[in-house]
Amino acid sequence: CPQPFPAEPCEGLGAGVCTRGSMCRECASGRRPAQWHPDPIVTKKAEGPAWAYWQALVEGDVGALSQLLGDPRAALSPSAVFDTSDLEEWKNYRFNFRCLRLWSLTYEQELTTPLHITAGRGYADCLRFLLLRGAAVDFAPSGKTALHEACAAAHAGCARLLLSFGADPQAVSEDGFQPLHLCKSPGSLECARLLLQSGASVNVATEDEEDSPLHVAARHGLPEHVGLLLRYGAAVDAGNEEGQTPLHAACSQPHEPEDIERYFEVCQQLVEHGARVDVPDRDLQRPLHLACKVANPRVVELLLSHGASVNIMNYSGNTAMHNVLQVAAYKLLHQPERIVRALLNHGAVRVWPGSLTKVLRYCHAAPRVIEALINSYDRVRVPDEWAEAVPRETQQKHRGFYRSLLALGRRPRSLQHLARCALRARLEGRVPLAAPRLGLPPALLRFLLLDFEDVLY
């Protein structure tokens, strides 16, 4: 696209002498060069053309922008700087923090430009108009470029436009992020693709946390982003400042039950591309520890099937079983009982019988967790404290299960259960691999693998 002004500003502009004669449209129109950066326009005090300019940008009114920037009397630049900070609001915050005896906040200007506003709001027509008027594509008075804004807001059309006008795909923000690090929403996939096609580094790390784009995509549960980055050669086991790999990042992020599958798909891709499942971070946490803490049964089963060490401890002395039992009561919709069962089937050390009262006290709302734990023993002693550890309302809600649990103290376990325990002891740590080869009927195989029955016998 042809530029509306010559590439070099008129040397005589401002001195009153034109160096280009009739070819100088800057002097002919009375306009200043596009790269001219006037003092910031304070939006709280703006009026007249400056206020109209701000409103046109916020509303995406390309017609109004054309009129304002075409009026030499308005003296407005496509690379203008707007100060949107509120000094009075900062003073109120500072006063309140002083009353609370907390550290006062430092006042910082909040600066933006026409390109940032239009790119961040997805106004592609306005953005194109400003770029054609010569707006500085990588101007970053706020510490980040318009391309950062477009990628953070997942506006692929604006990102494509900025890149076509020469925006730097590897521009580093004041916070140490490149645009690719800001592609962390499902809608930003096309932005990420455009950046990689334009030469963005797939393994560049953020300045503080040292996260790669793959860390970011994994942490936000974005399987399509992860696949794209892996195709471009992302390092699957790159470590960040905490020693965590992208697999750690995916396993550690809390998420809702409806997002379990997304995070499973992310971890599955990482493992299939060679991610190591037993890498410790600085706190000696493995991905399995973290997946148990966020209670994702699909990811736990995936890690165990690829050889994750089930009984290894982190720096705090917790195993994966400890982590899931700590969150079971308030992660019921995540089905923590599946995690407990999977850990036991893969040879997790059973809870010490003397600690079962404490487990009951904290996990009574998850009776299937209790069922899996109890069924890992051939027999257990039922002390009087068990009845006291389970609130009456919980006993009423799960009447059949808790009646059968407390009744275990008055009768021996069934012969079927004792046979299951004997076979599981024989196959210790190899149950998931060996059991399917025994040729058992499906119902009996499920029983051997601690299928849930909501009753104990």
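Just so it is clear, glycine is given a Cβ too, placed from its N, Cα and C backbone atoms.
These features come from TrEMBL:
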type: DOMAIN; residues: 412-451; note: domain 'SOCS box'
type: REPEAT; residues: 110-142; note: repeat 'ANK'
type: REPEAT; residues: 142-174; note: repeat 'ANK'
type: REPEAT; residues: 175-207; note: repeat 'ANK'
type: REPEAT; residues: 209-241; note: repeat 'ANK'
type: REPEAT; residues: 242-282; note: repeat 'ANK'
type: REPEAT; residues: 283-315; note: repeat 'ANK'
Tertiary contacts of the repeat 'ANK' (142-174) (same chain, 6+ residues out, Cβ under 8 Å):
110-113, 115-116, 118-124, 127-128, 131, 180, 182-183, 185, 187-188, 190-192, 194-195, 198-201, 204, 207
Chain residues in Cβ proximity to the repeat 'ANK' (283-315) (below 8 Å; excluding those fewer than six residues from its ends, i.e. six or more beyond):
242, 245, 247-248, 250-255, 260-261, 263-264, 267-268, 271, 277, 321, 323-324, 326-328, 331, 334-336, 338-339, 342-343, 346-349, 432
Could you please provide the mean pLDDT value for the repeat 'ANK' (110-142)?
97
Kindly report the helix/strand/coil residue split of the domain 'SOCS box' (412-451) according to DSSP, in that order.
27 helix, 0 strand, 13 coil
For the repeat 'ANK' (283-315), DSSP counts of helix, strand and coil?
17 helix, 0 strand, 16 coil
Residues of the repeat 'ANK' (110-142) by DSSP state, where helix covers H, G and I:
17 helix, 2 strand, 14 coil
